[in-house]
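Asker: Have a look at this one before I ask anything.
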């Protein structure tokens, strides 16, 4: 372990876990331009739009397999070692990808790359959520997702710069550069601590205490360290019942099945926002829907990613101030409205309306980063109970990649066949997501992972959980684990406690 302690150590965990998301973003931006490169299209046989869609979405097949693999191994070997394994798998895929000489080799390499990323994105959000404090958690994940946009920016501008070369370097070098991210992540992860919660859940209490002491920069016998270890132990006892596959679908006092469904829905719904449709194919959309030249389409796409990055920094300040639910609403209403506007301007089909179309695509991006991007990796990890968190989060990530696969697969086909009507579908899905959030997604902002467990176990049904979580949020009560804390979640008591800063820890 490095000599860093406290916040610097948490920041390094955040940066290292962010490299996987930087890689995620890099691939999002990479294929949007490469799939239109004449030299690359010659290599894969100049396929039709359906095959082009499969070349891009084959990565998501690998990600699904990686997420399922994480379900099987994350709880057994830990979050940290799962990330190390993910880096090794991805490096193997990088070597095959950059040396490809046929369509089959490209497809195989992209599936292997996806397995590596699926493993990484299943383990790193849990690792980050379980090493940060409740107050830092959301902001650190927001930072992590800003790295995703940085990765997309790097890919767009590398592609744009090399796109002027009329040879295979224009796509081989961008493919080869993917190896930088797993190399960096592997090198640093070797020296970082395992999740204290995973260690405690597997009987390594002293190791958990040591890791927690380093992460909080407090002595092991400090009262805050002892209190947090006790909270973790209480949560483990509360959720006792094993972490088998069957445990994911058993309701029990901790409402496990409900929480797994919410986590899987949250990851699925971010694909229903239409972001994969836009991110993977923005240059393709600008060429085929708006009518821009390839060079201008790539330039506009690259500039849009700089805008995307700049607007993402606002997320750092919004995520704990507005809470999870309100950011979901903001994102869906904003994205749905932009998609309606895009469909109208494409239907109108005039030079002036084409400019308006580009403007609304640009407006769409910040609504995604403020709403779903800020929440989609934080929220499932917060909702899930400890004893199934590794398996359940990996399962939810599988749903993410499964839904991303079909949205990426159908994108070029839908643009070719139904044109502006595609965006009407995305608008309807965004507004439908608002209703799901309102009825079924509790507020978790500023709550410890253990207090989320307690909230579910002491409530009657999901609507009761949502109602109580909203009251806790509105009155700024920080619920802690403990028997006496039960009174804090009764609605009639919340008003009396609204002026207190924290429910007494017992």
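Even glycines carry a Cβ here, placed using N, Cα and C.
What TrEMBL lists as domain 'Major facilitator superfamily (MFS) profile' is 13-445. As annotated by TrEMBL, transmembrane segment applies to 9-26, 50-71, 83-101, 107-129, 138-157, 169-192, 260-278, 298-320, 327-348, 354-372, 392-411, 423-441.
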Asker: Which residues of the chain, 6 or more past the ends of the transmembrane segment (298-320), have a CB below 8 A from one of its CBs?
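Answerer: Tertiary neighbours of the transmembrane segment (298-320) are 29, 32-33, 135, 138-139, 142-143, 145-146, 149-150, 152-153, 156-157, 159-160, 163, 282-283, 286, 292, 327, 358, 361-362, 365-366, 369-370, 373-375, 378, 445-446.
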Asker: Taking pairs 6 or more apart in sequence, does the count of Cβ pairs under 8 Å between the transmembrane segment (169-192) and the transmembrane segment (392-411) hit 3 or more?
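Answerer: Per Cβ check, the transmembrane segment (169-192) does not touch the transmembrane segment (392-411).
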Asker: Let me check one thing: do the transmembrane segment (138-157) and the transmembrane segment (107-129) come into contact, meaning three or more Cβ pairs under 8 Å with sequence separation of at least 6?
Answerer: yes
Asker: Within the domain 'Major facilitator superfamily (MFS) profile' (13-445) only, compute the mean pLDDT.
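Answerer: So the average pLDDT across the domain 'Major facilitator superfamily (MFS) profile' (13-445) works out to 86.
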